[in-house]
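S.K.: What follows is a structure written as structure tokens; I'll ask about it next.
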Amino acid sequence: MPHFISPMIRRRPDADKSAPSPIVQSIDFSQTAPPSTEQGSEQFEEQQQIPPDVRVSEGGFRQIRDESLVLLSQGITHRIERSEEGPFQIFVEPEKRRAAQFQIRLYHRENPPRDENPPLPLKFTLHPLWVLAIPIACTLLDFSDISIQMHNAGIADASKILRGEWWRTITAMTLHADSRHLASNLVSGFLALSLLHYRIPLAKLVPFLAVASAIANFFVALTVQTSFRSLGFSGFVFATIGCLAVIEFRLMPRETHGMLRRFAPLCGAASLAVFLGLGENADILGHLYGFIAGLLCGFIPKKKTLRWGAPTVATDILWIAAYYALFIIGWTLAI
């Protein structure tokens, strides 16, 4: 903890200076008797009557440091702890809660916070490769002579999907028309997943994005209801872009001036989706529904997790296994 923090000093009733001096009694030290159970119970009840401290603020180190200095300047004793989620917290005695909150609000009114959501530095990462391994492997198998039936068995055919072959919504994401189609989805997918990885570990969101992309393919079939055939990983890429847009929107500071400034991430992502989603032989509905499904996935992680980060835990391995299991089940039913 920083050295500027003063420890909390509780004032107990028997430690008050204004209280009258106690009556001095003669004590015989020759016989030291243990305290009675009644006195012990009274002391225990006295300790239980002290109310717990209340939290008045929560934030990053710099914010809590400034607020602590404000409280110290006003003579408000407090203590600082760091929660398991990451942020620092200020606790005060219950009777000082209103005074502490008033001083903190007054300070922020005169000094509005800045850079609540600072830009993250770009770093090269290989984490998206375990996500892209599925479309790479399945597409290469489809291009080879090992399995000739993969293309016809896994492509998203609207009429067949509506007749009950729902697994095509999953298998179609792993197939591509040619090497150019595969390369474009891999490059755009690698960039989008890399940006998402800077905010949250991919294992915590990728399974949801895969399910959302499959649902988007189903809604495409439900909308067209004809012999419409599509394939490609682009729906997953657009879902990632939509998810990232909502995450940046949620992290935008509330003090940002102007409504358009707050919606800048969503507007930018929508413009990027239109720029990438329109083209010759492009599945426009698949891109649109994938982007919308990704917007909903952006609300899955908690805001604290996005702001303070989430450590890698053992359950992340289960999420990765669930991602691979989804495509294994789809291809098992297709072939």
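Keep in mind that glycine also has a Cβ here, set from the backbone N, Cα and C atoms.
Keep in mind the model is a prediction, meaning the values are calculated, not measured.
Annotated compositional bias 'Polar residues' per TrEMBL: 23-37, in sequence order. The compositional bias 'Low complexity' feature in TrEMBL is assigned to 38-49. Feature annotation from TrEMBL assigns domain 'Peptidase S54 rhomboid' to 164-300. Taken from TrEMBL, the feature region 'Disordered' covers 1-54. TrEMBL lists 205-224, 230-247, 284-301, 313-334 with the feature transmembrane segment.
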S.K.: Ranking 230-247, 284-301, 313-334 by the number of C-beta pairs under 8 Å to the transmembrane segment (205-224), which range is first?
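M.R.: Out of the listed stretches, 284-301 contacts the transmembrane segment (205-224) most.
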S.K.: Can you check how the pLDDT averages out over the domain 'Peptidase S54 rhomboid' (164-300)?
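M.R.: The predicted confidence over the domain 'Peptidase S54 rhomboid' (164-300), as a mean pLDDT, is 88.
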